[in-house]
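Here TrEMBL flags Asp253 as active site, proton donor/acceptor. Per TrEMBL, the feature divalent metal cation binding site maps to Glu52, Asn201, Asp253. For Asn148, Glu168, the entry in TrEMBL reads substrate binding site. The annotation domain 'SMP-30/Gluconolactonase/LRE-like region' is assigned in TrEMBL to 50-313.
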Amino acid sequence: MRHFPTLEESIEHLRTIQIRGVVVNVPPTSLRVPVMAPVVFEPIGPRTLLGEAPHWDHKAQLLYYVDILKSTVYRFNPKNKELTSVKIDGGLVSLVIPIEDKKNQFIITVGRNLSILTWDGKSDTPTKVEHLHTVDTEEEKADFSVFNDGKVDPTGRLWAGTRTTLGEDDFARHKPGVGSLYSFTKGQQPIKHLTGLKISNGLAWSKDLKTMYHIDTDDNKVHAFDFDPVKGKIANQRTAFDFTENNIKGFPDGMTIDTEDKLWVACFGGGQVIRIDPTSGKLLSSLAIPANNVTSATFGGPQLDELYVTTATAFIKASEEDLKNKPDLGKTFRVTGVGAKGFQNHYATDLLSE
């Protein structure tokens, strides 16, 4: 007699993902109903100390990301699996964004400097690195501050925040009150929008451009602001989602937004990316990641229905044996079957050119 699965068996079947062909059980909160395909993880590149800032170049169909603590920029081509990298001297590199209509030019950060990188995407050394602006120049900040996360808004304006440099070996030692959030426009000095931050992190904008979302990792919340896309101003800060109230494991780090205006937030120390409704403040689902320190995520692929997720090994209290037995810790992942689509990442414009 043919066996028809029970409801419990069907649910158990849906609670699986595939990692390198191995089926792994995941929490029920990872479910998205209906499930059309299994969630599949493809590890990319080498283990990073602090992988961050994934940026999908939709025109070229390439992924860029960085290892902050190695001051290295990576480029991944999913078609032929080619991975190239370039080491940048002079400071920690926390983001990389291609400049629109400028071949082989990128906005990067180097320490407290906002810079233009010229790189052919193949060589292991840059053609040129040109510094544009230096931030947090106050004496009490200069020795403790460094750029962290940043993104370009839908109008082409760059937003980037800073954090303390203390605590590279201990997450809890980050110095409070040092970080700020800036925006950058051609012909103007950097505009400081927020101060007193500990770790300025993820950014995203709503589909109607009326709301900007920002994370200060230390306060364990995702904040929302009224956003003026013409003037580039933010106002009316409020809590969109509270990690503590929702008992979320880990700290909020980088994030992205999908076409339904739902946020996907990387949970550092939580081994997951959560999908939240920033309007209601509710948790919608959780995607388990095969690495503990999840740092950021962005949508990519030809249909923008793949999720690229960066992770880190920094701050992991693990032995060499543990790291050996878990080869995917610190890897970047191409995740398919997530059941959502995102928007194209925005390019930096020549607004930052001299």
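For all residues, glycine too, the Cβ spot is worked out from N, Cα and C.
From a predicted model like this one, the values you see are computed outputs, not experimental measurements.
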Rounded Cα-Cα span from Asp253 (active site, proton donor/acceptor) to Asn201 (divalent metal cation binding site), Å: 6
Euclidean distance between Cα atoms of Asn148 (substrate binding site) and Asp253 (active site, proton donor/acceptor), Å: 11
Alpha-carbon spacing, Asn148 (substrate binding site) to Glu52 (divalent metal cation binding site), which is rounded to whole Å: 9
Of Asn148, Asn201 (the binding-site residues), the residue whose Cβ has the fewest other Cβ atoms within 10 Å: Asn148
Environment of Glu52, Asn201, Asp253, the listed divalent metal cation site - residues of the same chain whose CB lies within 8 A of the CB centroid: Ala53, Asn148, Asp149, Ile199, Gly202, Ile215, Thr217, Gly254, Ala266, Phe268, Thr295, Ser296
Mean of pLDDT values spanning the domain 'SMP-30/Gluconolactonase/LRE-like region' (50-313): 93
